Structure formats: structure tokens, C-alpha cells
Amino acid sequence: RFYLEKPVLHCVFKCFQLYFPVTLPTPRISLSTTNQVTWGERVDITCSVETQHTGGSFNLKTGSGSVIQTKSGTSVTFSFPKVDFANAGSYYCQYQTRVSSREFSSPLSSSVDFTVIVTVPTPRISLSPTKEISWGERVNITCSVETQFREGSFTLTQSSGSLRETKRGTSVTFSFLKVDFIHEGSYYCQYKTRVSSRDFSSPQSSSVKFLVVVNLLQPNISFSAPDGGSHWGPQGLEVTRGYSFSIICSTQPQYRGGSFYLEFSGSNITSINQPAVNHSATFFFHEADYDHQGNYSCVYEVTVSSRTFRSSNIELLGITVKASLAPFIGSGVGMGLLLILVPILIFIIWRCKRQKRQMDAKMVYKQRAVNTYDTSHGMNEMEEDEEDYENADVFQNNKDSNDSDDDYISIDEKVDKKPRTTVDNDYSGPHEMSFAGNELEEDEDDDYENVCMSEEGGVDMHADGEKCWLDSEFEDEDIYANVE
């Protein structure tokens with residue numbers, strides 16, 4: 001292009017007007033960010049040109065040709081402090097200047113374009129408590145995100161897709177107050193927000209997984225013997241055969257209902273069960289036998305949400321059945337009683353026989369008191385005849401015979417020969433008559449005297465009658481004599 005700025009030559013015949021050309025170079029354009037700009041961020045577009053005509057300005061044009069901003073200078077920057085979706089698109093720069101009252105424009109620069117996006121960071125997820133959660137406990141899952149778009153909401157999704165829950169906020173907690181088996185599985189969070197009438201979602205968070213379990217406590221096992229037929233021996237608990245005993249299974253309260261199994265190792269009886277009443281059950285054995293000897297353990301079983309769970313059975317109770325000592329004790333006691341009673345019975349029998357013999361001897365002593373009557377005719381001193389009675393125990397040692405008969409002896413001659421002395425054992429009635437020498441002492445009653453006959457055949461008037469027959473051990477019979 002050629003531009004005539006002023007006439008350079010005046011001629012007479014014909015005039016010509018010449019113009020000098022003004023050339024502006026193409027400006028340069030640059031973008032401060034990448035082609036993707038997050039909504040709300042700052043975007044700078046710089047335009048520059050190298051020219052001698054420095055008094056011009058730059059126009060920032062969109063792809064449609066609209067001028068949105070103008071700045072003076074040969075190097076200017078157009079800024080978008082908070083880019084919005086309306087700012088997205090293509091941009092050009094064009095330099096304009098005024099020379100000699102005329103406007104000149106540079107060619108359009110190359111274009112720069114960018115898109116406005118909304119980037120939501122990946123949320124964080126956490127699980128409380130652990131990965132294994134007891135049935136019925138509380139479970140908390142927390143989701144959080146750091147973003148400028150705070151008007152969004154979180155969605156907690158189960159990987160199987162059966163559960164989904166939404167809460168507003170950039171940090172929320174999803175709670176299962178009483179976790180059940182339907183709640184177990186994997187979960188992840190996702191944040192969603194709306195910006196300039198457009199919806200945006202964050203990437204999915206990492207997943208957390210938990211299992212719902214029923215952890216049954218190990219039941220307790222105890223022993224009871226109401227009849228007392230048990231004790232702790234060197235090998236453990238010992239039960240006497242034939243005695244009753246009970247085994248009690250119990251557990252801490254966790255779940256309602258359930259039943260207890262008494263596991264047994266030692267015979268054909270392997271397991272018996274009873275329903276739990278107040279979290280315990282009692283297994284009663286009426287008579288201990290050798291089949292009951294072995295190790296016992298308790299197992300608690302309960303059904304929770306259609307699932308059956310069993311506890312462990314680590315604790316063992318060993319029982320040894322011993323033979324009953326009652327027969328041996330009874331035999332020993334019987335023998336002891338016999339050893340005590342037999343001598344006593346022998347002594348009692350001997351004593352009874354002895355007393356009977358003594359009584360028989362006394363009866364014989366009385367029955368054999370035979371009265372002998374002897375009237376004295378040769379005594380001039382006696383005015384009146386009286387009858388005297390004396391009992392005489394005659395002890396004869398008959399070499400030809402072992403038996404002694406009752407003899408009745410008239411001892412007038414002996415009386416005449418020996419003077420009468422005082423007799424130790426005598427009986428005097430109201431009327432008594434006694435002899436002193438050859439003199440008669442008159443009394444109204446008869447006198448009875450014991451006379452011991454000696455082995456030599458003599459009469460001992462001073463001997464005690466009872467002593468006579470006791471000393472003879474009742475082998476000789478009593479002899480009674482009438483003594484005047």
C-alpha cells in the first residue's frame with residue numbers, strides 16, 4: 001500500500017498528489033494458562049507488537065469479532081479475574097494507531113482459546129469403627145472434600161447398588177445406628193455441585209469395606225453336686241459313682257434366646273442341648289456312672305437375622321468317676337461294731353448266767369432249809385422242850401462220788417461235847433432259845449444258824465453261810481441241820 005501524505009511536486013501543466021505508506025506488523029498473543037481453565041480462576045491474555053507507531057492501542061476480540069476489551073500500548077494484558085463459562089472461547093489481538101489523522105490497524109493476531117471447567121477434587125472417606133463390626137453396633141462413614149464449590153452434596157453408594165444416601169455439605173457423616181447384615185459391603189463417596197446452571201461431579205472416592213459379624217463370648221462352665229458326692233483329686237474333679245451332679249453353662253448377655261450345647265468327649269454321648277434361660281442352662285445327671293467320665297465343654301448357639309452363630313468351646317471341665325466307698329465303709333463299720341458288740345454280748349450273757357446261777361443257788365438255799373426236830377430228853381435243866389432249827393452247809397469230800405446229797409444230821413452229841421458259843425450268822429425271832437454250855441436260855445422263837453461243815457466232817461458254827469456256798473462255786477449242795 002502506498003499512501004500519499006502530502007503533495008511533493010507542483011507543476012504548471014498538471015498536478016500529482018503522492019502518499020507514503022504506513023505498515024503495522026501482526027501482533028503477538030499469549031494465554032497465561034492452559035486451554036482448560038477452572039471456573040473462577042484468573043486468566044490473562046497478553047498482546048504485543050513491535051512498531052514505530054507507538055501511540056496506538058490493542059483490541060481483544062472474540063472469535064465472533066466482538067471487541068470485549070481495549071488497552072493502549074504496544075504490549076498489554078487482558079485479564080479475567082474469575083473466569084466463567086461465558087469467558088470460554090477464542091480470542092484475537094489487533095493493534096490500532098493513528099497517523100496524520102488517519103486510523104491504521106494491524107492484521108489480526110493468531111487466536112488463543114480456552115474452555116472453562118469445574119474441577120471437583122476426589123473426596124476422602126473413612127470408616128469407624130473397624131472393618132469387622134458386631135451386629136447391632138453403630139457404624140459411621142465420613143465423606144469430606146476440599147473445594148470452592150461448597151454448595152454441593154455427597155452421595156454414599158454401596159458397591160452393590162442396594163444402598164444410596166445423600167447429604168449436603170463438604171464434610172458429612174453417614175451413620176448406621178444398628179448395623180445389620182444387609183449393611184455389610186463396600187462403600188464410596190462422590191461429591192456433586194452446580195455451577196452456573198451446570199452440574200459437576202467429583203471423581204469417586206476410594207472404597208471402604210466392613211463385615212457384620214456376631215462375636216459370641218466364650219461361655220462359662222461350672223459344676224455342682226447337691227448330694228456332696230464330689231471332691232477335687234490329683235487328677236481334677238472326681239465324682240462318686242451313683243451320686244447326682246449338674247453341669248451349668250452360662251454366658252454374658254449379648255443376644256436374646258439361643259441354646260447351650262454340652263459337648264462331651266469320652267463315650268458315645270457326644271452332645272446334648274438345652275434352651276438358654278436367663279443366659280444359662282443346667283444339665284442334670286441323676287446318677288454318675290463311668291459313661292459320664294471325660295471332658296465337658298459348653299457351646300452357645302444363637303440365631304441373628306436368620307443366621308446361626310456358635311461360640312468357641314475352649315474351656316474344658318474334666319470329670320473322673322470313682323467307685324463308691326459306701327459298701328467298704330459299711331463293711332468296715334459293721335465289722336467294727338461286731339468287734340465291739342460280740343465281747344459285750346458275751347459279757348452280758350456270762351453275767352446273766354452268773355446272776356441266774358446265784359439266784360438259783362439262793363432259791364435252793366431257801367428251799368432246802370429242812371426243819372429237823374429233835375426233842376431233848378436227857379437234859380434236866382430244861383423245863384420245856386423247844387424245837388430249834390439250824391441250817392447247816394455240809395461240805396463233804398466224798399472220794400467215791402462227785403455228787404453230794406442233802407443230809408439231815410442230829411448234832412445233839414456234838415452239842416453235848418462242845419459248849420455253845422456265839423454264832424455270827426444267826427436268826428432270832430421274838431421267842432428265841434439258845435444254849436450256853438449246858439444251860440438253856442429260853443426264848444419263844446426258834447433259832448436258825450448256819451453251820452459250815454468242814455471237809456474233815458466238823459461243823460463250823462462261826463462260818464458265814466453265804467461264804468460257804470460261794471467259795472465252793474456252787475459245786476456242792478447245801479446241807480441243812482436242825483440245831484437245838
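Keep in mind that glycine also has a Cβ here, set from the backbone N, Cα and C atoms.
Owing to the predicted nature of the structure, the values given are computational and were not obtained by experimental measurement.
For 411-423, the entry in TrEMBL reads compositional bias 'Basic and acidic residues'.
The feature compositional bias 'Acidic residues' is assigned by TrEMBL to 439-448.
Broken down with DSSP, the domain 'Ig-like' (27-105) shows 3 helix, 46 strand, 30 coil. Per TrEMBL, domain 'Ig-like' is recorded for 27-105 (among others).
Among the features that TrEMBL reports, domain 'Ig-like' is placed at 123-201 (among others). Restricting the average to the domain 'Ig-like' (123-201) gives a pLDDT of 93.
Residues or ranges marked as region 'Disordered' in TrEMBL: 395-448.
Per TrEMBL, the feature transmembrane segment maps to 328-350.
In the domain 'Ig-like' (123-201), helix, strand and coil residues by DSSP number 3 helix, 46 strand, 30 coil.
If you look at the transmembrane segment (328-350), there are no same-chain residues 6 or more away from its ends with a CB under 8 A from one of its CBs.
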